[in-house]
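Sharing a structure below in structure tokens format, with a few things to ask.
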């Protein structure tokens, strides 16, 4: 899920200057922290003082926090938020696939929307995915392709070291451009939706915190190197998607790799969204107990929905920014900190309470700023 955002990191540095380097580190630390406190909400101490996993999903945490208001209110809010974010992500992958195919084969007289349909056809086997094991294998391939893309870009940038200059960094910043940079940088680290399932399926769940520390550390190092080398290479000419800056022979190669990555990335959010719907339909029973016909209908409907929205939703980028500002910030910052405060208030130290409250306020401000920018853009488009 992070690959699309990573390609925009050099452009984010263009508009955030030196502060962007600090943001890359700060965003990694904050997302790592909210991931830990979210998982902490799955556990409670038993009579012997040992931590026991009493909840399994983000939905269970939300229901536990809102049970005094309504037994299912929290879960409904979380599920709707998750499904919206996941479906919007799937739609984005379809649109990106159509765009990449169009740029890779410019001499073929086919529109981007038609190319999106071609990409959609290759994704039809997703309706038969039943287990996370298949999705994990596709995600491994996706990570490999992602690594190749990053390696190609960094290698080319290193060949241009002779023209690097720190003077390319901006000291004065435009507020709205800076907010865009904040959104790109923060949401390049988000993964909270998948963490409860991931931790629950780990062979050694006690190693989860260590795993989260190391993955965010290496992600921060890799993203900083990638964004810095690319920006130092192209400076003010840095484009929104850095691969557009590459020479034509490399751009075609990387675009095809990106297309492969986008198609391999699609099954994960698609599978996660359908699993949420299954759990709601089954009302507590295991999703496998749903009839095969109903499961196939749900997956087919979701697949068709993503295509229709990719084809017919105008100004999708602005709508994506609007929904991402609400759902992304909520799932990454607002809800984890709020749930942690609610469920563990009596056990938290003063500093821990301050940390959670600070994260909540920061998430709220990021969300509000993103909504304002997106609405302003939509109003401008519609006149």
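Along the chain as shown, the residues are counted starting at 1.
Glycine residues also receive a Cβ, built from the backbone N, Cα and C atoms like all the rest.
So TrEMBL has the following annotated:
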{"type": "DOMAIN", "residues": "2-373", "note": "domain 'Amino acid transporter transmembrane'"}
{"type": "TRANSMEM", "residues": "20-43", "note": "transmembrane segment"}
{"type": "TRANSMEM", "residues": "76-95", "note": "transmembrane segment"}
{"type": "TRANSMEM", "residues": "115-132", "note": "transmembrane segment"}
{"type": "TRANSMEM", "residues": "144-166", "note": "transmembrane segment"}
{"type": "TRANSMEM", "residues": "178-198", "note": "transmembrane segment"}
{"type": "TRANSMEM", "residues": "210-233", "note": "transmembrane segment"}
{"type": "TRANSMEM", "residues": "253-281", "note": "transmembrane segment"}
{"type": "TRANSMEM", "residues": "293-312", "note": "transmembrane segment"}
{"type": "TRANSMEM", "residues": "318-339", "note": "transmembrane segment"}
{"type": "TRANSMEM", "residues": "359-382", "note": "transmembrane segment"}
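For the listed features, I'd like the structural context: burial, neighbours, distances.
Long-range neighbours of the transmembrane segment (76-95) within the same chain, counting only residues 6 or more positions beyond its ends whose Cβ lies under 8 Å from a Cβ of the stretch, are 1, 4, 58-59, 61-62, 66, 112, 116, 119-120, 123, 193, 262-263, 265-266, 269-270, 272-273, 276-277, 280, 302, 305-307, 309-310, 313, 316, 319-320, 323-324, 326-328, 330-331, 335.
Residues 1-2, 5-6, 8-9, 11-13, 15-16, 19-20, 23-24, 27-28, 30-31, 34-35, 38-39, 42, 55-58, 61, 82, 85-86, 132, 208, 216, 219, 223, 268, 272, 321, 324-325, 328, 331-332, 336, 366, 369-370, 373 of the same chain, all 6+ positions outside the transmembrane segment (178-198), place their C-beta atoms under 8 angstroms from a C-beta of that stretch.
The list of residues near the transmembrane segment (210-233) in space but at least 6 beyond its ends in sequence, with Cβ under 8 angstroms from a Cβ of it, reads 2, 6, 9-10, 12-14, 20-21, 24-25, 28-29, 31-32, 35-36, 150, 153-154, 156-158, 160, 163-166, 168-169, 188-189, 202, 242, 245.
Taking Cβ pairs closer than 8 Å, the transmembrane segment (293-312) reaches residues 87, 90-91, 94-95, 98, 113, 116-117, 120, 123-124, 126-127, 129-130, 270, 273-274, 277-278, 281, 287 in its own chain, all 6 or more past its ends.
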